[in-house]
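Novice: Sharing a structure with you now.
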Amino acid sequence: MSAVLDPPASSSAPSSAEGTGAPVKPLPIDAAKLCELADELPTPFHIYDEAGIRANARRLNAAFAWNPGFREYFAVKATPTPGILELFRDENCGMDCSSAAELMLCDRIGVTGERIMFTSNNTPAVEFRRAKELGAILNLDDLTHLPYVAEEAGGLPETLCFRFNPGPLRGGNAIIGKPEDAKYGFTREQLFDGYRQAQAGGVKRFGLHAMVASNELDPQFFVDTARMLFALAVEVHEATGVRIEFVNLGGGIGIPYRPGQEAVSYEQVSEGTKAAYDEIVLPAGLDPLAVYMENGRCMTGPYGVLVTKAVHRKEIYKRYVGVDACMANLMRPGMYGAYHHVSVLGRGGEKVNAPSAGPVDVVGSLCENNDKFAIDRELPAVERGDVLAIHDAGAHGHSMGFQYNGKLRSAEYLLKEDGSVEQIRRAETYDDLFATLNV
Ligand SMILES: *Cc1c(COP(=O)(O)O)cnc(C)c1O
């Protein structure tokens, strides 16, 4: 990693600057560098840190090196920008797609075949066809999709995976909901039926998938998922004779959005998974069984920043800082009430550790009162023109953008390992916005 990418020494630990009440969280990209870029480039914009993304992907792959078939399929929907997808392609990852457009993006960057896992739901036949044309692994969401693919999408492929919904046995959380209330997957009984039917229909190779949480910070959760899927793979083998070749633990590894939270240790997830493997898979004779994951958030989230400038300050019944970004650039806070840390950088990074001037709401310009990045947040005094960094915007950030109120989606940049900055997606223009109109 190059020095410029290290968090500034003064904010290297998530702590409260002394006596200020304003917690500090390190940025993936140096504050002065972000301010310099905000002077050169129109704000708002998203910027990602190549070195951080690559190092993280390598760490995940290294943690699971004990499993020769291990593969992380990056969840394309988190950051569907070729400039980012190419990094994962080059780090030996696959791509997890759930729509035709995501499949097309993979095709464009030369990712095809079993490097693609197609984990869709309520899928139209045309999308199954497209996935099959690319040779992707189809991960079916329902038992009825077997005859559907057979009849409407030109026949069953050689390899199939099924998504398991464990129902009320397990947790779940606010984003994905409780498994029994979630629309995804097969019930346990349906799974056994599914493998039998698929085998009878000529399918030769099989996988098993579950994704039961989102933004989960407890490593044990993923170990428990692995344990559940290993045990189920053994049961399927005993009951149907079908030998499952891979289990996909899904995505959902959380990230420390709040100062003081701890990142999930991949090593801990891996060690627990290996213990379960040795205990369950080996004695059942199912080795080698490949372990897959399809994380999005933890792969890019912490390495992306939304850079914005303060436009207005307003004091009525509460105090507000208005910025030039809005929910169209990052809708998680408005949609889920999700916490995203905000750092006030000032003009050149000088405010990073400044004391709090009291609580403010940081707001965008949509005609929607939930267009707020932060509510009652302790922040240093903000002047018009100050640069603000919204942290952890690298996943489910730009990609969730929308055009309500005629807002244009902003550009995305990559801070490369050599220190240069590359535009990987231009900002939208009014011509883009009006391109679908008949007048
Ligand atoms: C969204 C999604 C993912 C990625 O989730 P993260 O929380 O970003 O890791 C993986 N698999 C499926 C099926 C998904 O829907």
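Every residue, even glycine, has its Cβ placed from backbone N, Cα and C.
Annotations in TrEMBL come from automatic prediction, not curation.
The following feature annotations were taken from TrEMBL:
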type	residues	note
ACT_SITE	CYS367	active site, proton donor
COMPBIAS	7-17	compositional bias 'Low complexity'
DOMAIN	53-300	domain 'Orn/DAP/Arg decarboxylase 2 N-terminal'
MOD_RES	LYS77	N6-(pyridoxal phosphate)lysine
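Looking at the shown structure, what environment does each listed feature sit in?
Specialist: The 10 Å shell around the Cβ of CYS367 (active site, proton donor) contains 7 further Cβ atoms across the protein chains shown. Under the three-state DSSP scheme, CYS367 (active site, proton donor) falls in the coil class.
If you draw a 10 Å sphere around the CB of LYS77 (N6-(pyridoxal phosphate)lysine), it holds 18 other CB atoms from the protein chains shown.
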Novice: Please give the average pLDDT for the domain 'Orn/DAP/Arg decarboxylase 2 N-terminal' (53-300) in this predicted model.
Specialist: 95
